[in-house]
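Accompanying notes for the structure given below.
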Amino acid sequence: MAADNGVRERKRASSASKTPTNPIILKEPAEALVPEGEQKPTWKRSAFRRRLRYIIWTLFAISLTLYIAQYFGYLKSKSVRRPSRVDDLASWEPYFPPPEEVVTTADVEKRNAIVAAFKNAWAAYEADAFGSDEYHPISHTGSNLSADGGIGYMIIDSLDTMVLMGLEEEYARAREWVESGLSFERGGKQNVFEVTIRVLGGLLSTYALKNDPLYLRRAEELAALLLPAFDTPSGIPLTLIDLKERKGHADVDNSRLSGTAEATTLQLEFKYLAELTGEEEWWTLVEKVMGVVKRAMRQNVVPIFISPDTGEFHISQVRLGSRGDSYYEYLLKQYLQTDRSEPVYRQMYEAAMTEIDQFLIHKTVKSNLTFTAEMHPYRGPNGELNWRLMAKQDHLACFLAGSLLLGVTEGQQPVPPDPSTWTTEDKRDWRTGVELVKTCMATHETATGLAPEIAMFYDVNHPKAQEADWYVKHGKDGSAILDGRYILRPETIESLFLAFRLTGDQRYRDWGWQIFQSIEQHCRLPSGAYASVKDVETLPVEWEDKMETFMMSETLKYLFLLFSDASILPLNEWVFNTEAHPFPVFSPSFKTGIA
Ligand code: DMJ
């Protein structure tokens, strides 16, 4: 589809997305029907009564509206404070490098350094724990999510990175394991979302890259075993699945509720599977989930829990970190995956970005850093629902920076983009995306050069707001508890990759290289594997005995792509699932169920 069509379509989508309002219209009460002769002496009294009735009706209508807004509206609380921002969008212009400085070709030396890092880490895993789901690089051991054995978490999550990097020998051994060592018939409770994005996603993307029927066969096998999780009264999947017993399980640790992002980050995978197999069942399964979510929404930013029984949201936090993040990511990507043929997802995405801007985007006082906050619900003295702003940004939320930029250009040419065709919302999102990249980089200004798991920002009224922008929360014993960890997360690097691809601006490569250097210096073990760091502010670092699978599937892949030629996986032809597994864009054989 031509770029200008995309713009037109988006503008249509934008106007269609405006939340319908149902104003209560007060009509003047009808004239009292009284005999003519009696009208004169009483006109003053009648007028007074009319006015009184009008006032009473108006007050009643206002109270009713406020009550409804309070009861049903998630964010209409006066406790939500938002520093006022000068709206200078009209005069704001994005920065792009001059044409002669736009970079689209590989930086071979740096790209090869990333490939070497992957190769070494993989060799360590192969030697210590080949076939295990999880890798503990310090104790040189592996572990599985099921007592029965592994389901390919690490191997399958890493396959497409090997293909892209051209690591043929490693790939051949991994393929052999998928063919003859892999079984999904494992007991115990596995997370439906994690299995889908890592294992189903990894199989499908490797199929897309290699066209090897083994992966599609395995993907179908796994999808069939995941099916029972969707067998709920609402269609919202349960959080857990026993692949051996073929039974879904609710998350008892979270009141049997499902995570919103977890239920809505299965769609790219199942839709692509439907397209490949021609089996509509996979399509409708995940479209149904989106329909339930859309009907349950009271606002366009959504709480992080939803009930699989009722299909209603549970009053819970609104955030861009865990259980919230990829809901927003997949709204945009579902639209892109089907070649922009499902405008409903563009509309939902645009409406969500508007409310994210309205409620969740804030600025620090000291350096004017843009950050994302969270909304936490609480009950007031009379049981009324209120919302408290938490100036807390998970590393996970850094995905939003790149996603906002992708939302503006949809991965289309030219690079850098032409802002003369942009709407005000495009400008708003681009500016926020660019500013968020800077903030995510600012959270790397630590002793290790690595960003913490959670950054707290000083909000306007904080006494330290003039001195610093952010900090890591410490426990009573002074330790950075869990918030100060760096667990090899990819989100900032993912955003740097997207920002670089869409602009050709060398600055994003420089930042990516800077992060890679810090990872090399502080996370790399003598074996070549990588370990998580317990506190990004403590030197020398203390390690945690874990190398997450997303180090291989996302962190190193996005770094590799950042330094690769722009012709590899162009963003108008490929869409990355939330675990960085690339799927091709296609014109869908099935229609959306929620238009
Ligand atoms: C990955 O598994 C996915 O990116 C997911 O959406 C969120 N978290 C991790 C990486 O941080």
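Using the three backbone atoms N, Cα and C, a Cβ is placed for every residue, glycine included.
Copied over from TrEMBL, here are the features:
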type     : residues      : note
REGION   : 1-22          : region 'Disordered'
TRANSMEM : 54-74         : transmembrane segment
ACT_SITE : Glu194        : active site, proton donor
ACT_SITE : Asp325        : active site
DISULFID : Cys398-Cys440 : disulfide bond
ACT_SITE : Glu453        : active site, proton donor
ACT_SITE : Glu491        : active site
BINDING  : Thr578        : Ca(2+) binding site
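The structure, with features from TrEMBL marked on it.
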| residue | record | DSSP (3 states) |
| --- | --- | --- |
| Glu194 | active site, proton donor | helix |
| Asp325 | active site | helix |
| Cys398 | disulfide bond | helix |
| Cys440 | disulfide bond | helix |
| Glu453 | active site, proton donor | coil |
| Glu491 | active site | helix |
| Thr578 | Ca(2+) binding site | coil |
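When the recorded positions Glu194, Cys398, Cys440 are checked against ligand 1, none has a Cβ within less than 6 Å of one of its atoms. Sorted by the number of other CB atoms within 10 A, the active-site residues Glu194, Asp325, Glu453, Glu491 start with Glu194, the lowest. Listed in sequence order, Leu436, Cys440, Ala451, Glu491, Thr492, Glu494, Ser495 are the same-chain residues six or more apart from Cys398 (disulfide bond) with CB atoms under 8 A from its CB. Here the recorded positions are Cys440, Thr578, and the one whose Cβ sees the fewest other Cβ atoms within 10 Å is Thr578.
Ranking the recorded positions Glu194, Glu453, Thr578 by Cα distance from Asp325 (active site) puts Thr578 first.
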